[in-house]
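**Student:** One structure coming up, written as structure tokens, with questions to follow.
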Amino acid sequence: MRNLKDLLYKVSLELVIGPTDIAVSQVHFDSRAINSGDVFIALKGTAVDGHQFIEKAVAHGAKAVILEDLPDYRSENVTYVQVNSAHEALALIGANYYDNPSKDLKLIGVTGTNGKTTTTSLLYQLFKKLGFKTGLISTVEILIDGKVVPTKHTTPDPLTINSHLASMRDAGVDYCFMEVSSHGIDQERVTGLHFVGGMFTNLTHDHLDYHNSFAEYRDVKKRFFDMLPSQAFAITNRDDKNGEFMLQNTKARKLGYALKTYTDYRAQIIENQFGGLQLKVNNQELWTKMIGEFNAYNVLAIYGCAIELGLDSTEVLEAISQLDGVSGRFQYFTTAAQRITAIVDYAHTPDALKNVLETINAIRTRNEKLITVVGCGGDRDKSKRPIMANIAASLSDQVIFTSDNPRTENPDVILADMEAGVEPIDFKKTLTVTDRKNAIKTAVQMAQENDIILIAGKGHETYQEINGVRLDFNDRLIVADLLKQLNK
Ligand SMILES: CC(=O)N[C@H]1[C@@H](OP(=O)(O)OP(=O)(O)OC[C@H]2O[C@@H](n3ccc(=O)[nH]c3=O)[C@H](O)[C@@H]2O)O[C@H](CO)[C@@H](O)[C@@H]1O[C@H](C)C(=O)N[C@@H](C)C(=O)N[C@H](CCC(=O)O)C(=O)O
Ligand SMILES: Nc1ncnc2c1ncn2[C@@H]1O[C@H](COP(=O)(O)OP(=O)(O)OP(=O)(O)O)[C@@H](O)[C@H]1O
Ligand SMILES: N[C@H](CCC[C@H](N)C(=O)O)C(=O)O
Ligand SMILES: [Mg+2]
């Protein structure tokens, strides 16, 4: 049991009707989860207004309701707490409920359009290798010093975040690396967390369905740096045109990393090939298995973060050189006989797709064909569809457009949106196969000796969501199996 008054610590209250010095059990923002003695937080959501479920929550036994608008009908046995922002209240109550676990470990948040999972996962691997107990909150999984917890969100809701941070604290975790998505910042999922560091990867086109405009998307990302305390460090990519902007109003120590601009952490690419990258990092040599210029940024960012956290430069560089890649990010599969290479990558934004294709084009010899299999998600930013199709067609020799996660949309409508972006000159290179498995099969059948197949968009995902239903689906297993059959 918890005392409601303690849960409300630091929450700015508008009006309280009923006692607060009362024992309550759990906290929920979904009326369907409420049991007797719980607290219900009514959130104005993107689809419905949680205030319409207050009566239901009370009928299920809610003892207190946190809300923005008071209902006309109120039960006498319930405490109603009116706040200015219920999302903010949820975040603070979540932290209070678990006794502010983010204060008991060193929490580092990474934001940006692309590279969050890669950066946080590499930091997790690096700190584990250097002997620390480490935690990770990422799109792929949550890790509590090796223990895997499945996740659905990049940045989960505040109750989930704080509950995992509490498990990390209980497991003695020293450092936790966490992805901070723009939805997460906007919906106050990270409010009230105590960060010792913040990192910014880059800002390009994504989620414009949710944020309305690029400026709005950019401003939301900046809010993460605005909330960092003065003891924290904030390290941003200075080759990105918004790298400095992110730090304009932060109290944190401002730092930069870049390949093309002079700043605190600098790297130069000496060699870029399928085997990995050779870099000069602040005048020291570094070899890494990570591939492509965009990964030079990711590796440099984790180096800067590790140094800011007080680690020894030589030890860090040595450990970075041993890091493996991240699942579903430029993960590749080859056949011994035909030497066909298939690359599975999570590129689901125009910039990511362009980077991956340019990386492959930069390091391949021009004799082989590059075949790209790509789709775009349903119920998400539609404006990126024609752009991604245009990029895929102009930077590949052959493209097969297919379904990603159509969610509740008609897959063929998504594909038509994509096809509309292809330049007439590139039409002959394109083909549309709606079923993703058949599209991958088609690519493998088309491939000849030494050809390269890029399967973009789903990376690590182990499902495909069609008609609102998630079915088992795994690009990596499918392509590995098809390539194995070729080997026979
Ligand atoms: C668009 C969006 O971000 N939605 C998130 C949001 O839900 P919502 O505001 O849409 O909720 P809603 O359906 O309008 O309902 C409003 C409120 O009424 C409540 N309710 C509803 C029905 C009922 O019977 N009783 C009841 O109490 C709901 O629990 C909710 O509190 O808050 C929920 C709780 O945190 C999230 O699970 C949900 O994520 C949805 C499922 C989602 O798909 N989100 C994606 C877009 C997302 O968040 N992605 C980001 C970025 C991805 C990346 O680029 O990496 C992420 O961090 O994962
Ligand atoms: N630093 C980077 N700059 C640009 N593109 C990148 C960078 N790092 C990775 N990518 C590309 O973006 C894809 C997604 O990378 P990653 O999963 O690390 O990003 P993310 O920010 O976590 O994405 P999400 O918003 O879905 O969580 C990769 O598969 C790769 O194609
Ligand atoms: N976190 C990203 C995931 C996109 C992955 C892609 N496979 C899709 O389904 O569109 C998003 O919510 O936009
Ligand atoms: Mg991610």
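Cβ atoms here come from the backbone N, Cα and C positions, even for glycine.
TrEMBL does not curate its annotations; it predicts them automatically.
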**Student:** If TrEMBL is the reference, give me the range from 116-119, 248-251, 404-407 marked as motif 'Meso-diaminopimelate recognition motif'.
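**Tutor:** Checking TrEMBL against the ranges 116-119, 248-251, 404-407, the motif 'Meso-diaminopimelate recognition motif' one is 404-407.
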**Student:** If you count other C-beta atoms within 10 angstroms, which of the recorded positions Lys221, Arg380, Arg407 is the most crowded?
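**Tutor:** Of Lys221, Arg380, Arg407, the one with the most crowded Cβ is Lys221.
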**Student:** DSSP says what for the motif 'Meso-diaminopimelate recognition motif' (404-407): how many helix, strand, coil residues?
**Tutor:** 0 helix, 1 strand, 3 coil
**Student:** Under a threshold of 6 Å between Cβ and any atom of ligand 3, which of the binding-site residues Asn114, Gly115, Thr118, Pro406, Gly457 are retained?
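**Tutor:** Among the binding-site residues listed, those whose Cβ sits under 6 Å from ligand 3 are Gly457.
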**Student:** Excluding Arg380, Asp404, Asn405, Pro406, Arg407, Gly457, Glu461, which residues of the same chain place their Cβ within 8 Å of the centroid of the Cβ atoms of the recorded meso-2,6-diaminopimelate site?
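**Tutor:** Checked against the 8 Å cutoff, the neighbours are His348, Gly375, Cys376, Gly377, Gly378, Ser403, Lys458, Gln464, Glu465.
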**Student:** Distance between Arg380 (meso-2,6-diaminopimelate binding site) and Thr113 (ATP binding site) at the Cα atoms, whole Å?
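**Tutor:** That separation, Cα to Cα, works out to 15 Å.
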**Student:** Measuring Cα to Cα, how many Å separate Glu461 (meso-2,6-diaminopimelate binding site) from Thr118 (ATP binding site)?
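**Tutor:** One finds 15 Å between the Cα atoms of these residues.
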**Student:** For the domain 'Mur ligase N-terminal catalytic' (25-98), would you mind checking the mean pLDDT of the predicted model?
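**Tutor:** 98, rounded to a whole number.
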**Student:** What does DSSP give as the helix, strand and coil breakdown of the domain 'Mur ligase N-terminal catalytic' (25-98)?
**Tutor:** 25 helix, 16 strand, 33 coil
